[in-house]
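Asks: Here's a structure for you.
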Amino acid sequence: MLYNILFPLSSDYTILNVFKYITFRSVWSLITALILSILLGPYFIRWLQRINFKQQIHEDVKIHKSKTGTPTMGGVLICFSSLCSTILWSDLTNIYVWLTLLVFIGFSFIGFLDDYIKILHHQNKGFSAKVKLLAQVVVAGIAMLFLVSEPAYSTKLAFPFFKSLHPDFGYFYVPFAILVMVGASNAVNLTDGLDGLAIAPVIVSIFVLSVYIYVTGNVKFSQYLQVDYIAGVGEVAVFCGALIGAGLGFLWFNAYPAQIFMGDVGSLGLGGVLGFLAVLCKQELLLLIVGALFVLETLSVIVQVGYFKWTGGKRIFRMAPLHHHFELKGIPESKIIIRFWIISITFGLIALSALKLR
């Protein structure tokens, strides 16, 4: 909004030229969302406590009984802070910004309804898996239909570390992209089981993808680093900045011991938009590296369920997802969280190195 209002005046006031720089607006978008979420956090937490929007703890995780009653739906705070900051600092005529917001709001709304059902019925289960999956596919599908209709966007796939490999998926690209978004959404949802466990890796992943998005939308950088150029995509880096800031602000209250949980409104929304950002900058496969922690958590569930059915009741892990396995082994929660953060940062750096190693 500020860009649309102030930048046209730069011919008369040269200081306003600063608004044309995506990097400047991304940084201030981050700062704005961070301040907004930290300032609103205490009031929001008290309001959730007053209306009794509290977390229902899974009955199998007995060591988490002390967390029962902690306010949930903190993802609303992330969503509100990042949306306000994005609208304030981004170019509101950019189609890619609006598509990103569509995915973020859509997936967050699915999570919101899921959380509300849990709270309303005082249980740990909301939507059925089929209903939730269908809703996610619909939101992702609508976004993809708009995205592939953009002339600058292609259905080719990029392979990390292999600059000359760009197979065209054609009609199969849209279902593939939907799979990426839905998969990322549910992977983050599975990871969100300990205080601060999911939000920090999400921040790391968003930061890495924001670099790729900025490069993808910059003619010179994309040519130098041999990344597919997509005009206008770089503006989404402003949204990424807002989401990082809102995430950091949420972590202020979600760090161990948590004062608030993000709920499905946070995990589904963040995961869905994480997948869309990867699709947007043509780094769908890189997401496997960027979000390696989410992949590991998801695989632990798949392996556990598959092995349980195959052997008629035996388990590989004490409990899945993976973070619960380590909890039941007696490792302190705070240590598990920090170690998982280290894993996330390490894979984030590996993903960044792929920019040059092409």
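All residue numbers here begin at 1 and follow the chain in the order shown.
Heads up, the Cβ atoms here are built off N, Cα and C, so glycines get one too.
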Asks: If you look at how Swiss-Prot annotates this chain, which of 48-68, 69-89 comes out as transmembrane segment?
Replies: 69-89
Asks: What parts of the chain pack near the transmembrane segment (260-280), using Cβ distances under 8 Å and only residues at least 6 beyond its ends?
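Replies: Distant contacts of the transmembrane segment (260-280): 41, 44-45, 48, 55, 70-79, 96, 99-100, 103-112, 114-115, 126, 136, 139-140, 143-144, 147, 177, 180-189, 191-192, 198-199, 202, 205-206, 209-210, 213, 216, 230, 233, 236, 240, 243, 247, 250, 253-254, 286-287, 290-291, 294.
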Asks: Do at least three CB pairs under 8 A connect the transmembrane segment (69-89) and the transmembrane segment (169-189), leaving out pairs fewer than 6 apart in sequence?
Replies: no
Asks: Is the transmembrane segment (92-112) close to the transmembrane segment (233-253), in the sense of at least 3 CB pairs under 8 angstroms with a sequence gap of 6 or more?
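Replies: The transmembrane segment (92-112) and the transmembrane segment (233-253): touching, yes.
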Asks: For the transmembrane segment (196-216) against the transmembrane segment (285-305), do we get 3 or more Cβ-Cβ pairs below 8 Å once near-sequence pairs (under 6 apart) are dropped?
Replies: yes
Asks: For the transmembrane segment (285-305), find every same-chain residue at least 6 residues outside the stretch whose CB is under 8 Å from a CB in it, and list them.
Replies: 157-160, 180, 183-184, 186-188, 190-191, 201, 204-205, 208-209, 212, 271, 274-275, 278, 315-317, 320-323, 325, 340, 343-344, 347-348, 350-351, 354
